[in-house]
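Annotation comment: TrEMBL describes 64, 68, 71 as [4Fe-4S] cluster binding site. As annotated by TrEMBL, (3R)-3-methyl-D-ornithine binding site applies to 139. Under the heading S-adenosyl-L-methionine binding site, TrEMBL lists 164, 183. Marked as domain 'Radical SAM core' by TrEMBL: 50-265.
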Ligand code: 5AD
Ligand code: FES
């Protein structure tokens, strides 16, 4: 099969076997890439029209017990200035976001043991009580089945937990004292409990190959998450990977298009990391099949402290400024902003 036929098969069957996927990644040229992104756009338009969903991201703690080699808030980075938002600061941030029109709040943080299950449950209940029309998404790492269940019962709707890489060997080299199996189990537990689940991976990690991306794509097809977050790896100066190269735009946009065809209805963000490696990165992500953007709502005083990688955009902007900027960017490439909850079209909460 030639590359174009492989793209047609992916479009029609939403599936490729490992050999075909690898062939596609190894052989895609400019002309085929254009064809791939056209198909991806066709599919996203069929399910989501021109809509781009916005999520308000609240980075509420940068304390983390883990030591991921790539991440600027890893436990052993002594240069990181640590902060935690209080529950009132979190609620005030939601209020600001609500007034700007946001109806999804993503609570993201490092794995911070200060936020016990009781504290998390309290935060979730209070947000749901004050903003009943809003979806709450958690992104706070690996927890037990019981903890995930408690947050869900408190009203959390969605959970983001990137698998980071589906290559066990690469995973182990990047995550001291963590287990690949446990991360995967967490994702299946989240699905079992009833969350809308987001997995995802980084692009351009040191020694990462197309064979590794094939593993990521096969894993995503098997898990069938409702959301997939992918973005380029970007080195952070205070990490062991400080001297490495960042992931590239072209590989990221190709993978966005492939994921759109593999999981047609998936909610797929055009990430801040993509906007960081290229000034038009997020726009190009949308043109490749992405349909979500997650602007930062965190208070301006803490923004530069949530530093996962160097050069992160929007750290000096107020939420309202980012929103205007983003709307303009989204419209400049022919899409329209939707501030609604933006659930996955297939999803119904059965609680
Ligand atoms: N470059 C790009 N993405 C990163 N993340 C963490 N550190 C980096 C980095 N240096 C991503 C991880 C994590 C998400 C919150 O941010 O994939 O899951
Ligand atoms: Fe934040 Fe443009 S999106 S300033």
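Cβ from N, Cα, C; glycine included.
Nobody curates TrEMBL annotations by hand; they come from automatic prediction.
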Neighbours of 64, 68, 71 excl. site residues, C-beta within 8 Å of centre, [4Fe-4S] cluster: 66, 67, 70, 72, 73, 74, 75, 110, 308
Residues satisfying Cβ distance under 8 Å from residue 68 ([4Fe-4S] cluster binding site), sequence separation of at least 6: 74, 164, 174, 175, 178
Neighbourhood of ligand 1 - binding-site residues from 68, 71, 183 with Cβ under 6 Å: 71
Tertiary neighbours of residue 183 (S-adenosyl-L-methionine binding site) (same chain, Cβ under 8 Å, six or more apart): 142, 161, 163, 164, 171
Cα-to-Cα gap, residue 64 ([4Fe-4S] cluster binding site) vs the residue listed as '(3R)-3-methyl-D-ornithine binding site', nearest whole Å: 13
Neighbouring C-beta atoms (10 Å sphere around the C-beta of residue 164 (S-adenosyl-L-methionine binding site)): 23
Rounded inter-Cα distance in Å - residue 71 ([4Fe-4S] cluster binding site), residue 139 ((3R)-3-methyl-D-ornithine binding site): 15
The domain 'Radical SAM core' (50-265) [mean pLDDT, rounded to integer]: 98
Around the Cβ of residue 71 ([4Fe-4S] cluster binding site), the count of other Cβ atoms that are within 10 Å: 23
